[in-house]
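What TrEMBL lists as domain 'Anoctamin alpha-beta plait' is 23-151. Summarising the annotation, TrEMBL assigns domain 'Anoctamin transmembrane' to 184-650. The feature transmembrane segment is assigned by TrEMBL to 192-219, 299-323, 335-354, 382-403, 523-542, 573-595, 607-628.
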Amino acid sequence: MADPLSFYLEDDKTQPGTRSNFNVDYVIHYKLPTTSVKEKEEAEAAFIQLINALSAVGFATEVRPGGKSSLLVFTKIASEKLLTSQVYRYRIQDWLFGVRTSAPNQDLSKYLEEEPVSEAERLRLTYLLITKSKNEGGAGITAKVGKWKYVDSIFPLHDHDFNRRWIKAWSSKYFLDEEDLNRIRDKFGERVAFYFAFLQSYFAFLLFPAAFGFAAWLILGKFSWFYAVVNALWSVVFFEHWKTKEVDLAVRWGVRGVSRIQHPRPQFQFEREAQDPVTGEIVRVYSPFKRLARQLLQIPFALACVVVLGGLIVSCFSIEVFITEIYTGPFKQYLTFLPTVLLTIFMPTFSGLLTNLAEKLTKAENYETHDAHQASFIEKIFVLNFITSYLPIFLTAFVYVPFGKLLVPYLDVFKVTAQSFTTMEKPVTKSWEINPDRLTTQVIYFTVTAQIVNFLTEVIVPYAKRKVFKKVQEVQSEFTGNGHELQIKDHPDEADFLKRVRNEAELDAYDVTVDYREMVVQFGYLSLFSVIWPLAACSFLVNNWVEARSDAMKIAIGSQRPVPWRADSIGPWLNSLGFLSWLGSITSAALVYLFNKHDINPDGTPWDISAWALLLSILFAEHIYFAVQLVVRSLVQKLDNPGLQKERAERYALRKKLLEQTFGSHGYDADLTEEARGPGYVSSGERITREALEEEARVNATKTPEQLFWLRQRGAAETIEIGRGLMVQVAAANQTKS
């Protein structure tokens, strides 16, 4: 199997398999069972249904071997006429939902010349045709669900020529411009483009806190109230700016309001069908009370996260404090790694279990649409990330430092345990003194070291794991004598292409949620705890430059090409940013109050802290935050942007066109003008003859007084003339009277 990295390290001429995708729209990776005869028969029957379902909706199909236990089904829309009809149908839908300002032209050839179909739009509509239900005109194929359980994945092929140029261009520039984002949008859809737009906007905004944080680190030091105020103001400005920015991008990309178009989930289980009281259509109904009852399970889920993850973090935190600051016995230099080892072993395990539980709870809530399901799942994931990312620093800042002396005696259980495992008669512990640098060291770890570790686990480790796994498979095949099963004879014209496709089929699907989660957690560190170490923004600035390039590499090399879904915002993550921005104002106020004027007692005795003063500072900071947010929001909303200008221009052009069509100067408007002139109108160039007057008299003899009333004056010119004569008469009469 070819190494995907080689496609980018070697010259294009040496990689013929990357030059063309053979006009393939999607590849279906079909897994084959290797044990039970019944399963093999079932897989064969399902494969026949798969091909028939694809052919029934207009797909051309080709099948090739995918490996020793899988098939590759290549699909493409057989008729461009079918694609054109799909494009027209979904653009009409966009217009009906208000995404487009005007309806598509019925002259399709001219319309598609004016607004051609992008690669992302073609792939998106093709995927919908494969996956939407048969009732809606699709093939109804959903990977790993029901009778399609042998369908492992449905994915488009990478455009490696574009990927190579993309990575090369980004590696030599500091900032991404609008053209870069437009290229991503045309290849991977608006959902991925919005992530990179957010990352770029966040990166640009980090320039100020990085420079200001560096100056504050040199001049102001830690726990500066001035830095806390400026940092809180920055978080508000960035949050409000991004809210406006994503609207601007949605308008310019033509997807504003696209979230109103919801795609149904095949897994949705309805209770009954009923008639919509507003539209009259038949809809599938699931009891909202049952869903609410299941949504309330999020409360015990959150408590379970606090108990399980919080308990693990508190336990490892206590062990670390005991070993590093109290224990003096043998093997201390090795035992200091024990908390890290425990967290490395148990944290991924518990997080994985709770993530699976969150997924099951979300499925139990039984949402009708993909977007609602995803939003609910992200809310649960955010709770997990909040606990695992921020709880250790909260423990140090608000428990360990202020109340260490009161809590350390409870660590005697570790003292007794350590003493029982040693043969030394002298004590293996010492009197405890607080570590004043612990809080700063911890923040530096999460903002610097953890970012590096995350990069390694996100990019380097998966690549190395695939290499090792591939080597293990080769060795196992040699020892078991089944190496001949891997010898697949491809046609010479297809061999390089199929080798690449088999490699892409084994890659993981790209999930932009993972990257959003990383950036939101990072924003939380900056908003909540940068007052402890002002250089945090400098670390994030460097990290995010690398992050944009590594994420591009992850998409191009480490993942299957994502389905180019549309989006009009960053989704539920926007609420998470707002929450962290608000919480940052409170946390910063508390940290400044606790540490700005209070020296840390070496013996860890509690500080003389006025609870009412602490609470007052928190409430004051919160109210100032809300006031500043209102001011910034009003100012940002007054600023115009290209997207809204474009929207207003399109709507003005639409109104003007409709008015011209309805009340044009040569149509209905001319008829209204002619009617307003009246039947007795005489143009200025028309001669009044005796015959014409006699004919008019004969016609008027048959009219009623009401009709004759509007025939006394022939047009506006005669009305003006008679009116002027009446004015002269009135003036003369008034002069005679006087």
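From the backbone N, Cα and C atoms, a Cβ is placed for every residue, glycine too.
Keep in mind that what you see is a predicted model, and the values were worked out from it rather than measured.
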For the domain 'Anoctamin alpha-beta plait' (23-151), residues assigned helix / strand / coil by DSSP: 63 helix, 24 strand, 42 coil
Contact between the transmembrane segment (192-219) and the transmembrane segment (523-542) (3 or more Cβ pairs under 8 Å, separation 6+): yes
Close approaches to the transmembrane segment (382-403) from elsewhere in its chain (Cβ under 8 angstroms; 6 or more beyond its ends): 301-302, 305-306, 309-310, 313-314, 317, 321, 347, 351, 354-355, 358, 434, 438-439, 442-443, 446, 517, 520-521, 524-525, 528-529, 532, 572, 576, 590-591, 594-595, 600, 606-607, 609
Paired segments the transmembrane segment (523-542) and the transmembrane segment (573-595) in contact, 3+ CB pairs under 8 A: yes
